[in-house]
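Colleague: Have a look at the structure that comes next, please.
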Amino acid sequence: GELGQTDRFFVRIINTTVSEAAHTLTSEKEERIVTAVFGIVSEDMLDTPNTTFIDPLRLSPRLNKFRRNVIHLSPTLEQQLFVLASHLQSIGSSKALAVICSEESNDIGDAVRRTLAEFDVPLESVRTRMDGEALDGYLPAGGDVFVIGLSVADVEVIAKKLEKHSALRVIVLFSDVALLYDVFSVAFNGTTGCERLVFATNLPHWSDATPSSVTVQRFHTALSDPKMWTPLSLLAFATGRLMQSILPRMEKVGSDTLANFFYADSSVVVDGMRYGVFDDIECKPAGSDLEVCASNYGATQISVRSMSRTFNASIALLAEPMTPSMRFRDPNEGALTRAQLIGVVVGTIFAVLLLLALGIVLCVALRNTRDNDSAPKEFTDPVTLIFTDIESSTALWAAHPGMMADAVATHHRLIRSLIALYGAYEVKTVGDSFMIACRSAFAAVELARDLQLTLVHHDWGTVAIDESYRKFEEERAVEDSDYAPPTARLDSAVYCKLWNGLRVRAGIHTGLCDIAHDEVTKGYDYYGRTPNLAARTESAANGGQVLVTGATYYSLSVAERARLDATPIGPVPLRGVPEPVEMYQLNAVSGRTFAALRLDRKVDLINDESDATDGVYSECGSTHGELSHSAQTIMMVLCALIGTFTAPQREKLLIPFCERWRVSLPRKTGTAWDENYSREVVRCIALKVGHVINFDSSAYDFDDLPVSMRRQSSFIVLSHQLMESIQETTQQGPSGSDEVARTCV
């Protein structure tokens, strides 16, 4: 930049030769402050100290090596191979070859073999071609051929070969397409072979006359001449837009701080294009609790396309955009050493006997999971009740709707296996909350402890849930200056030992209950002060925390207490309880720390048929809360949707919504599911969903949200007529919510 101008983005073009490029850059740094280098670079330029390279484009194919100061926005060679191999698997490729011209031919060949093996694509051979050697003799008459490393003359050879052999498909790197774009355009435009020249990129179509991409729309506005619409110019434009987006967010711009930005923010979204995740933490050894690998590449949504689409944007993609996981199977997985093989043979007999015995035990135990024999039935005997709930489940469903169904199913399976193991009784399950009854207080405490251990050691197959929890904590820290995130800022090595996957809170209380047998479910239910206190205890806990009341703790023998790691918390005031309750924290996972108890939380007891005298809070009780604007909107939409259905049909429609959103059904005034009751259920759903909508929309301006966040957030789009109707309704005053309720017929 220039003296006194600190709020501008200066770009300087340097013309040099490959041999002089590194020296030219060094000379430039002696005269000017060089923060970053963009565009085409030589290999030795990347070794220049105190310089950050943003999306460097190399003239010769190279595998990516982690350099913290090199940030790749375009797909790396490895990413392209991964996406292209996935495409070949999907079309049933029967024969693949590779022809490589590079100083790293051997290493690139190994990468090709590994990637194709991952997708079970047969690889016939990998051949190395010397620089300057003719390509014609390397191309067969058929099959799928990776040609990695091209010269100007090679393009014409490929065009003629594809025109001559219709069974041949050639796959090239996008960097070669971008660098030799003019040559490709002349050689392939109007030929039939362009349909079988294939490459992969994360760029939208640069010459689409009616683009849907915001990046391309702005690109065309900046460059009105279609002759300038090339891959290289779009790459430069997208990089410039990225810099325009991130530089204002940096207090001080320098080479190191620029690189730090990518690794600190992890992921960046500009004009609908997402880059990341970037990570500068080195890989841990295989088999560690949390595999973390350094990553300086961030291309996402990489699609496979033919050269014919380059000339005609209406031609469909060969493969829809995907973000490669870059995870590979261990080629030695399953292989046994001689000693291991001997051990397996010797232990087979014992293993068979052990499995047989274990199978008998599990069959008996699982048969009793909902067996009423395990239910406490004597009203004169104390019952220990456990309430569990997944922390931030609604937010997790909003962030990961495709993932949470499997995660919650796993959560249910793990809890039920422990219920069977400890001879406990599953009273009921609503959404992701469990109510469990135990005859033994010690069995209940052990069950809750082992639940935390089981969850933290389970292989969830993703780190997305953990990332979301940490993000939620950081967002709360921004809103509340007094809040210190207990896990978000932990070192990864520490975090993976303490936390993993879903976080479940649990509350345990022991006491006498009113016990009733439900003729509909054929199961037992528990009422009175004991379930209320257990529910309130659970509600006060944080995710991953187990709270035990003094009543439960002192129900344990001295020997049983000695086997537990419990920390006294002292008297805790619970909502609706006149006196503070003595509380203990069960340290199931040693080393965990938690935020302050959630004493300001309202309780929604799983037992939705509890007596009103129990004092349990319910949003759908007789004293209705005021419907927010969002809730009124939701209620009107639901009313309009179900208005044409009969009462039994409405029941079938609304029950799944209640289960998914964890909405407790209001108490029935009669026995039938009539129109009035349907209206009450709709109102409960609207209240719950309205809270989420208000929470999501209060923190962000929709227009400012990245596209990826818009897809993950909850929004309702309304017509102008419906909005006017809502506004008229709300202008009627306090009775507006009742008016909305009356329209639900």
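Every residue, even glycine, has its Cβ placed from backbone N, Cα and C.
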Colleague: Based on the annotations in Swiss-Prot, which residue of Asn50, Asn676 is described as N-linked glycosylation site?
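Modeller: Record says Asn50.
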Colleague: Of Asn189, Asn372, which does Swiss-Prot mark as N-linked glycosylation site?
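Modeller: Annotation hit in Swiss-Prot: Asn189.
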Colleague: If I take the alpha carbons of Asp389 (Mg(2+) binding site) and Asn50 (N-linked glycosylation site), what is the distance between them in whole Å?
Modeller: 50
Colleague: Including all protein chains shown, what's the count of other C-beta atoms within 10 A of the C-beta of Asp389 (Mg(2+) binding site)?
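Modeller: Other Cβ atoms within 10 Å of Asp389 (Mg(2+) binding site): 23.
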Colleague: Same chain only, sequence gap of 6 or more: which residues have a CB within under 8 Å of the CB of Asn189 (N-linked glycosylation site)?
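Modeller: For Asn189 (N-linked glycosylation site), the qualifying residues are Phe311.
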Colleague: Could you state the CA-to-CA distance between Asn15 (N-linked glycosylation site) and Asp432 (Mg(2+) binding site) to the nearest Å?
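Modeller: A Cα-Cα distance of 62 Å.
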Colleague: Please state whether DSSP places Asp432 (Mg(2+) binding site) in a helix, a strand or coil.
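Modeller: SS state of Asp432 (Mg(2+) binding site) = coil.
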Colleague: Within its own chain, what residues at least 6 apart in sequence put their Cβ under 8 Å from the Cβ of Asn50 (N-linked glycosylation site), listed in sequence order?
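Modeller: Set apart from Asn50 (N-linked glycosylation site) by at least 6 residues yet with Cβ under 8 Å, we have Lys29, Ser255, Asp256.
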Colleague: I'm trying to understand the geometry here, so how far is the Cα atom of Asn312 (N-linked glycosylation site) from the Cα atom of Asp432 (Mg(2+) binding site), in Å to the nearest whole number?
Modeller: 50
Colleague: Which has the fewest other CB atoms in a 10 Å radius around its CB: Asn15, Asn312, the listed glycosylation sites?
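Modeller: Output over glycosylation sites Asn15, Asn312: least Cβ neighbours within 10 Å is Asn15.
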Colleague: Given a separation of at least six residues and a C-beta threshold under 8 Å, show me what packs close to Asp432 (Mg(2+) binding site) in the same chain.
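Modeller: For Asp432 (Mg(2+) binding site), the qualifying residues are Asp389, Ile390, Ser393, Val408, His411, His412, Arg662.
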